[in-house]
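Novice: One structure, as structure tokens, below. Some questions next.
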Amino acid sequence: MTVEQNVLQQSAAQKHQQTFLNQLREITGINDTQILQQALKDSNGNLELAVAFLTAKNAKTPQQEETTYYQTALPGNDRYISVGSQADTNVIDLTGDDKDDLQRAIALSLAESNRAFRETGITDEEQAISRVLEASIAENKACLKRTPTEVWRDSRNPYDRKRQDKAPVGLKNVGNTCWFSAVIQSLFNLLEFRRLVLNYKPPSNAQDLPRNQKEHRNLPFMRELRYLFALLVGTKRKYVDPSRAVEILKDAFKSNDSQQQDVSEFTHKLLDWLEDAFQMKAEEETDEEKPKNPMVELFYGRFLAVGVLEGKKFENTEMFGQYPLQVNGFKDLHECLEAAMIEGEIESLHSENSGKSGQEHWFTELPPVLTFELSRFEFNQALGRPEKIHNKLEFPQVLYLDRYMHRNREITRIKREEIKRLKDYLTVLQQRLERYLSYGSGPKRFPLVDVLQYALEFASSKPVCTSPVDDIDASSPPSGSIPSQTLPSTTEQQGALSSELPSTSPSSVAAISSRSVIHKPFTQSRIPPDLPMHPAPRHITEEELSVLESCLHRWRTEIENDTRDLQESISRIHRTIELMYSDKSMIQVPYRLHAVLVHEGQANAGHYWAYIFDHRESRWMKYNDIAVTKSSWEELVRDSFGGYRNASAYCLMYINDKAQFLIQEEFNKETGQPLVGIETLPPDLRDFVEEDNQRFEKELEEWDAQLAQKALQEKLLASQKLRESETSVTTAQAAGDPEYLEQPSRSDFSKHLKEETIQIITKASHEHEDKSPETVLQSAIKLEYARLVKLAQEDTPPETDYRLHHVVVYFIQNQAPKKIIEKTLLEQFGDRNLSFDERCHNIMKVAQAKLEMIKPEEVNLEEYEEWHQDYRKFRETTMYLIIGLENFQRESYIDSLLFLICAYQNNKELLSKGLYRGHDEELISHYRRECLLKLNEQAAELFESGEDREVNNGLIIMNEFIVPFLPLLLVDEMEEKDILAVEDMRNRWCSYLGQEMEPHLQEKLTDFLPKLLDCSMEIKSFHEPPKLPSYSTHELCERFARIMLSLSRTPADGR
């Protein structure tokens, strides 16, 4: 200690009180210190009561506030502007001529900004803001309660919930609990923390503990956390249900008015509970005066506060857990840390003490697990609600903390002074460079090099005529322009205008007349072709031009050299600053990024997930509730740095890179092999997990039995239908009906195809003297194949697709095997419908005989069937697309969406096999996206109406048609338009959070938003594909041509 103990106590008390006052000032917007101190005194230091007291007091005078607002908004009302509660004391005249008032206003503004900037790294502030936010939500949603099934419904098929091999296990969202999943998964993947929890044993005297210990629910929570961790280790399920642990947390987190706390406070509370639970165990197992607590050893460190308070020096050692950092105003993590470690002047509550105050923080002991809270929320006093800060903040995978250690403080101070000196010099250089890059004295400025170049170009230009104005006047009016004598005079124009307009004031008539005579040269005439495009000097001698060019060239070269030198100097300084801490002595304390907790949304609502580094596989994993997927550093950066969309990191968890015990696996003492899965569990948890796995195995067996029984029933039903269909087909053929529906038919032998086949056979028989059926068949097949090849190679407009006309065209374009095409053509000429034509009967018999002679080894029947199945799917996809686009044009967006979704999915599957297997993917994607946007707009308008029936209809549209299909747009990250469309839809609904609405509407919105913001890529089950009507090839081609023609007539911005 460098001062007496009472000075330190006074410092701590004043700092604590000042912190509370700063929090109240920011939350409530009240700047009067006396009012704030009185509120804090009346509430006995309770921040929540103080906020409630102040907000209730302000709420009593809404009319006065409204009046004040309009007085400041209307320029003609008053010359004075009232600012918060200082309207009577700090009135500044900004409309008069007194420059002192203006300077005073600027000074006050800067002082307020600097004060807010200095108040960084205060966890209580975060919590207070969160409480105000939650109070607002609680008032609107009226203590909303939700059942787990409203958020997520388990698939009836247990195989959808089965864990794949040793894949990481997810956590089920049981009602806005994505925050729980993100935090717990981050801690679970710290192997040392996992071991501590799994091997925890409650104190033997747990029943004898004081009643308040049980009220805290530490031991029940530890029991449920052990069970949860055990399931995460050894379950056979894809995800597990954390409901029991969550319920204990929710009960403990509810205050008297049922407000639920924020995620940061949840993490604090979680570690506090764990610390208490392990403290009880530690005290039982040791007789030491201060037993070691493994939670404290793992997550808590110490720093030394060194500073000056009212002119007196002090040093004080403090313990810290999660380290809070402000984001606003900083570009990377080191800048945040620098600002948090160096505090500026501390405001004194006693005005008579004028000594300067300030302090530095130096880490003396860092925890193995170092967690940074990134404060991305601030209270907007103008709007009266918290707002999220979306600014970009970069952070490294390896963070070196040597510069913040107490043992390095002398060298760090030297380096900080050097960096400050370099930054000051950098500012001077940048200002010099700016003078070169933005040259001029007017509002428009240009690079000086360009100015000199333009001057050189002007001087070198050659004049064509003496006066461009005279030249234009002298030239005759070009074709299409109006001769001057035909234009009405100014008086005539004014008279015409006056006669057409209603009676107006003289000033408005004068304004109209002044505007009516404005000459518009670029719309009233065209420039003669011989007029020079650039101006040029009228008179300049060769000597003058030579001197001027020489000077301009020389000056331009000088400026280019100066600019280059400045840019190189600036780059060198930047590089020097970046490498300031890169020497070996300052990279001895490496911390590696272990987990990043991400929040997407606004201050009032959003979704949480986590990126966690898999140290065994050396890759990043994304934990998003039940979905656990492989990820990458690039994806993490895109979602976590901020500045893009609404997602950004709110918590960073670093681990000591030299503390390998944190991530080291356990090994079998006998075999030396690493223990995996259920082997790592204590006996009691092993029995618990095995019992749960047996229940799940039984569920799988019951499902298999149900499927087997269902398959048997379907098989019996199918055989019965087959017998009935064979009877009906025989009856239809006997009736001589040549045209039938082609959906189930592989040969697609419709009326128009039958006529084309007959024409080909007739043509082939006329070309050969040998009229034998086999000769005619061979000739006909050659002619038909040549015709189809020509169609396949023809360049057609979008409305004509010959693949729809004939299956062989589809095969040719997709390079099907020759044997597949030959057999398909034989089936065309061997179709039984040709038996009704005397000219083709014998040809059909020969074709059928050839088909029967084809051996299985000559044509792969499975491949043959697969090609025809793909063609059937192509026709179905076409029909889905046609109906979807027709409904879209009729503005029947729900029906359109269902068909377009099926079209897109089928088409994507086809295109994966070949470029010409399906339709234009971008076209289908565009209308699918537009359909979702239109439906979202309709639903939002229904919600805005406020009518219960309309609101419910709007939410039904969102829940039934928008939310289930959003993952389809997010699957392909390369489709930027789809991702932006999803962001637009989400932002539309998030924008309602800042609006006043009825409590029941706020409740519905709060219930619905987590589903909309769920970032899970897992595609949940949705509506069955709509049934297609029966259609002929002719109808299919005709409707396709009609809809594509209508699209081609749609303007580009409408497609």
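Each position is counted from 1, following the chain as shown.
Glycine residues also receive a Cβ, built from the backbone N, Cα and C atoms like all the rest.
This is the feature table in Swiss-Prot:
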ACT_SITE  CYS178  active site
ACT_SITE  HIS599  active site
ACT_SITE  HIS607  active site
COILED    541-578  coiled coil
COILED    684-717  coiled coil
COMPBIAS  476-496  compositional bias 'Polar residues'
CROSSLNK  LYS99  SUMO cross-link
DOMAIN    169-657  domain 'USP'
MOD_RES   SER85  phosphoserine
REGION    77-102  region 'SUMO interaction domain (SIM)'
REGION    464-507  region 'Disordered'
REGION    727-749  region 'Disordered'
Novice: To the nearest Å, how far is the Cα of CYS178 (active site) from the Cα of HIS607 (active site)?
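Specialist: A Cα-Cα distance of 7 Å.
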Novice: Where HIS599 (active site) and HIS607 (active site) are concerned, what is their Cα separation in Å, rounded?
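Specialist: It is 6 Å, counting Cα to Cα.
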Novice: Would you mind checking how many other C-beta atoms are within 10 angstroms of the C-beta on HIS607 (active site)?
Specialist: 26
Novice: CB neighbours of CYS178 (active site) within 10 A?
Specialist: 26
Novice: Around HIS599 (active site), how many other CB atoms lie within 10 A of its CB?
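Specialist: 28, counting other Cβ atoms within 10 Å of HIS599 (active site).
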Novice: Secondary structure at CYS178 (active site) (DSSP, helix/strand/coil)?
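Specialist: DSSP call for CYS178 (active site): helix.
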